[in-house]
Amino acid sequence: MPGIVLIGAQWGDEGKGKATDLIGTKVDYVARFNGGNNAGHTVVVGDESYALHLLPSGIISPNTTPVIGNGVVVDPEVLFQEIDGLESRGVDCSRLLVSESAHIIAPYHRVLDKVTERFLGKHKIGTTGRGIGPAYADKINRVGIRVHDLFNAEHLHDKVEASLHQKNQMLVKLYNRRPIDVDETTDELLKLGERLKPYVANTSLVLNKALDEGKTVLFEGGQATMLDVDHGTYPFVTSSNPTAGGACTGTGVGPTKITRVVGVSKAYVTRVGEGPFPTELFGEEGEWLRAQGHEYGVTTGRPRRCGWFDAVVNRYAAQVNGLTDIVLTKLDVLTGLKEIPLCVAYDVNGERRDDMPTDQAEFAAAKPIYESMPGWDEDISQVHDFNDLPKTCQDYVKRLEELSGCRISVIGTGPQRDHIIQINSLID
């Protein structure tokens, strides 16, 4: 009955797609439990590269059942685009299961997301503009539309009308936009529902039954710990819980069925969008890391902000997620550096802090306290045994492990699927 949770331990883009695909070939189900198509991950198989946004990474593994859980907000149009794109490349998507209780991103959610972000100006959050936040807001305000609502025309019309009543007032009076038509929106959603219906299931029941039968389920989180609405750098966060606890609420599986929690971290740190980032690099160093790591968002194409490894962030991620293992990715990107700084603590207004400040004013004022380690020049992409890594590279990994307080079980040494060093198995 292994239930394995896989989460990002930083601000996202850590390489969860590669880690999920590594584990996903050995599991029976891969379930997304939060977020929507604002999460981008790339899976590389041989010469093929698959950019996924809404679908679980396990869709690439033919013997795995991919599941979109109730905690995900689903944009049907994006889902179908992604399915069509994969099927045109020979990937079978008929195995996909979508929770009947998942909330829908309607066209008006995307409109509201974009006009609100523009209206905020310099106070913007840095959203992807894909309607994620407004859809989650409707969920909390109890005016959201769920997947099963798409199959009852009269019921759906009533729900759309209720949802648009206040939104149209805002669009017209606050944002000087035209109101959204209730009938047109209902008809559009009904058509999307017709195509979605074959994939819809009671996924909580499916996953619990699978675990009770001794099958292995991988719970895949979108975004990452530092973007969690409760535990991240609020307000510069996403609208859901990408931390390990979200795996339970986002799939309807109880915590006693979780046996492993795996955090994915880069050997350095990146962030997209607004918000504090203590180890952020500017100038030539930041440009070098961005170029070496090809650091551009899968979902947005935006250049990622880059910085040195932050052990305070990783310790915090280990704490709030209860990490049992770390997958360290993109270690190869650091090849060629003579010295590699890593952040071991913060200076906050003259005081050393080894823990994560929860006050965002303090976190914004945090200055990294660095220690420096010698780098390496050797190509490590073909190394498959930890002991065959350059000594200075081994020392760097061991120091990250020591500072994070959690064992590093897998190391990514390049972009390909087989560019890994597996120290410990991630499946019991």
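Note: Cβ is positioned from N, Cα and C throughout, glycine not excepted.
Note that the coordinates shown come from a computational prediction; the quantities given were computed from them, not determined experimentally.
What Swiss-Prot lists as active site, proton acceptor is Asp13, and the listing cites sequence analysis. In the three-state DSSP scheme, Asp13 (active site, proton acceptor) falls into the coil class.
The annotation active site, proton donor is assigned in Swiss-Prot to His41 on the grounds of sequence analysis.
Annotation source Swiss-Prot lists GTP binding site at 12-18, 40-42, Arg304, 330-332, 412-414.
Per Swiss-Prot, the feature Mg(2+) binding site maps to Asp13, Gly40.
The IMP binding site feature in Swiss-Prot is assigned to Asp13, Glu14, Gly15, Lys16, Asn38, Ala39, Gly40, His41, Thr128, Arg142, Gln223, Thr238, Arg302. Secondary structure from DSSP puts Asn38 (IMP binding site) in coil.
The annotation substrate binding site is assigned in Swiss-Prot to Val298, Thr299, Thr300, Gly301, Arg302, Pro303, Arg304. Gly301 (substrate binding site) counts 8 other C-beta atoms within 10 Å of its own C-beta, drawing on all protein chains shown.
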For His41 (active site, proton donor) and Gly301 (substrate binding site), determine the Cα separation and express it in whole Å.
12
For each of Thr42, Gln223, count the other CB atoms within 10 A of its CB; which of these binding-site residues has the top count?
Gln223
With Thr413 (GTP binding site) as the reference Cα, tell me which of the recorded positions Asp13, Gly40, Gly301, Arg302 is the closest one.
Asp13
Report, in whole Å, the straight Cα-to-Cα distance of Leu331 (GTP binding site) from Gly301 (substrate binding site).
22
Near the Cβ of Gly15 (GTP binding site), how many other Cβ atoms are there if near means within 10 Å?
19
